[in-house]
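Report on the following structure.
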Amino acid sequence: MTDALLNIKGVTRSFAAGDQQLTVLNDINLQIMRGEMIAIIGASGSGKSTLMNILGCLDKPSQGSYFINGKDTSAMDEDDLAALRREYFGFIFQRYHLLSDLSAVGNVEVPALYANEAQNTRQDKAKKLLSRLGLSDRLDHKPAQLSGGQQQRVSVARALVNGGDVILADEPTGALDSSSGAEMMKLLRELHADGHTIIIVTHDPEIAAFADRIIEIKDGEIIGDTSNASSQEPNYPKLATQQGLHQKADVNKGMNWSRYFAALKMSLIAMSNHRLRTFLTMLGIIIGIASVVSVVALGAGSQQQILDNISSMGTNTIEIKPGTGRGDRRSARVRSLTADDATALSNLPFVDSATPTVRANVAIRYSSETVSGSIQGVGTEYFRVRGYSLAQGQFFGEDSIESLEQVAVIDSNTEQELFADGDALGSVIFLGRLPVRVIGVTQALDSVSSSSDELNIWLPYTTVSGRIFRQNYVDDITVRISDNVDSDVAEQGIIDLIAMRHETVDFFTINTDTIRQNITKTSETMTLLISAIAFISLLVGGIGVMNIMLVSVTERTREIGIRMAVGARQTDIMRQFLIEAVLVCFCGGALGIGLAYLVGEVFQYSNSEFEMIYSSTSIIAAFACSTVIGIVFGFLPARNAARLNPVDALSRD
Ligand code: ADP
Ligand code: MG
């Protein structure tokens, strides 16, 4: 008995039933030789299937040992057992256990797939086997489109595709009508004649009569082991699949793209078979990704607009005003800031230009129109610093400043207000009692710094202080600092100079660069804040994916069991579910980005103020993020699926 192919020694199998142990198999000893055809017969509940599952390495004994070809199975790990199921055993179940999503060929291919066979080879093999079993015209039929007998033949083909040295058939005729059942038994005899070792489990003595050796089991114990001389080899043409039990190399090692590809294909099939569920799962990811991408684009767009506004206000300018700060009521009485300060400032090396401003509120009159508005005495650099450009005419120059010329530049609001039906250029308007000639009209400025209904009239600052106020102090000085100069350093230099000239600090400075920095920082904070909220929705989406995947694992337990029975490794199962989760998230990510662009289009249509700016980084990050979510939230369900016990999974409905 030493060369027994399958050798069961003192095997006991018990299950926990509440507080008690239910012993289903009790000290079983059984040797099965190569090429035997055996029937295990017994009443329902006697433990036949349990014994069969142990023989097929789907289940493990509670006690005792099981040797296959002299090797102890208790020393093998899960992958070794999966390899045995894949390479040596072929299972035929009472209820066929085919994968309902796959065609006949697809079902037969599965064990070959896990054995790393190339797609062409395994398809050829599957087709040949199915044709030999009389199913050549049913290759692409799904199990639901096949009769019971046909389905059982598909499962025989599946058992044979990797060789199937030992065929384990658990009530193979149990669900078949008598003629299909008889055909199935003839088929099994043919396989036996070809050299396959056949083990059939049945409660039916007529079926058992086909075997050469009949083992009777009752209440978990073997009560009879007889050889059956009357069994006959049938006169059928032999199947040419005969293979001896030899050591097959485990082709487990190494990368195999075919298996990844097949897993991807399976995932796509599973997804398309549950389209609504897949879409609802994706929805969380779609919304999450779309909101993250749009919020970032919105933030970038609004920030860009604010920065544009600031730069139209004048890049890097520092304003000097009298007083101790904004809102200082005594600042009106501080009269120390003069045009000479501006001249002194403009001589500093890091100063591009310095221009004083004098403001006055006067009545502005043209023919019969009188409006009240503010006039500003400014230097020649003022317009460049503030980013004004001309619609008509010209700005005043240095000579106008020197000779206190009575000329004015007006903005488009003032032009519309005073010259509704005439040409402004060259006209003379009265500022209080001072007549000035309009020499230029500026273009309307789109800027946060100018409210759109303001009336602006600009004169040379010397004209305002000399001819209107008859004084020499100014309201503020705007300093434009040279490019490439650190604005904080320049600000300090300016403060030092003016403080030295005034011998006291009776002024304060406003640095637009600081304003820009503050606005940028604020909008960055806002973007971060909203992104965080969007990220939370992404997280919730991920948890949704995990939830659905967990449900899907439960729902597909039987599928997982079948795959494991035909030899899928734990890594194969894990990979399939992970790929599915990642695929769902990846597609969700792609749709989310599409949605974000759609939002951008709608936004632009309804609001022309600014555009959403999509950066490629945020899109790549969105894809990366959704993939990572797939991996992270798919991991737990995938691991749960991979850790299922094959028998438990198979017996689940
Ligand atoms: P048979 O195939 O001979 O009809 P089984 O081997 O399927 O019988 O089952 C034998 C006994 O073991 C039955 O009473 C069944 O309830 C019990 N049994 C089988 N599997 C389990 C299990 N996983 N947990 C608990 N009890 C089980
Ligand atoms: Mg059974």
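The backbone N, Cα and C atoms fix where each Cβ goes, and this holds for glycine too.
According to TrEMBL, the features are:
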DOMAIN    6-244  domain 'ABC transporter'
TRANSMEM  279-301  transmembrane segment
TRANSMEM  528-553  transmembrane segment
TRANSMEM  577-600  transmembrane segment
TRANSMEM  612-636  transmembrane segment
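Most Cβ pairs under 8 Å with the transmembrane segment (612-636) belong to 577-600, among the candidate stretches 279-301, 528-553, 577-600. Away from its own ends, the transmembrane segment (279-301) comes close to residues 523-524, 526-527, 530-531, 533-535, 537-545, 548-549, 584-585, 587-589, 591-593, 595-596, 599-600, 603, 610-615, 618-619, 622, 625-626, 629 of its chain (Cβ-Cβ under 8 Å, at least six residues beyond either end). Same-chain residues lying 6+ beyond the ends of the transmembrane segment (528-553) with a Cβ under 8 Å from its Cβ atoms: 270, 277, 280-281, 283-289, 291-292, 295-296, 298-299, 560, 577, 580-581, 584-585, 588, 625-626, 629-630, 632-634, 636-638, 640-641.
Taken together, the residues of the domain 'ABC transporter' (6-244) have an average pLDDT of 89. Under 8 Å from some Cβ of the transmembrane segment (577-600) lie the Cβ atoms of residues 260, 263-264, 267-268, 270-271, 278, 281-291, 293-294, 297, 541-542, 545-546, 549, 552-553, 611-612, 614, 619, 622-623, 625-627, 629-631, 633-635, 637-638, 641-642, all in the same chain and six or more residues away from its ends.
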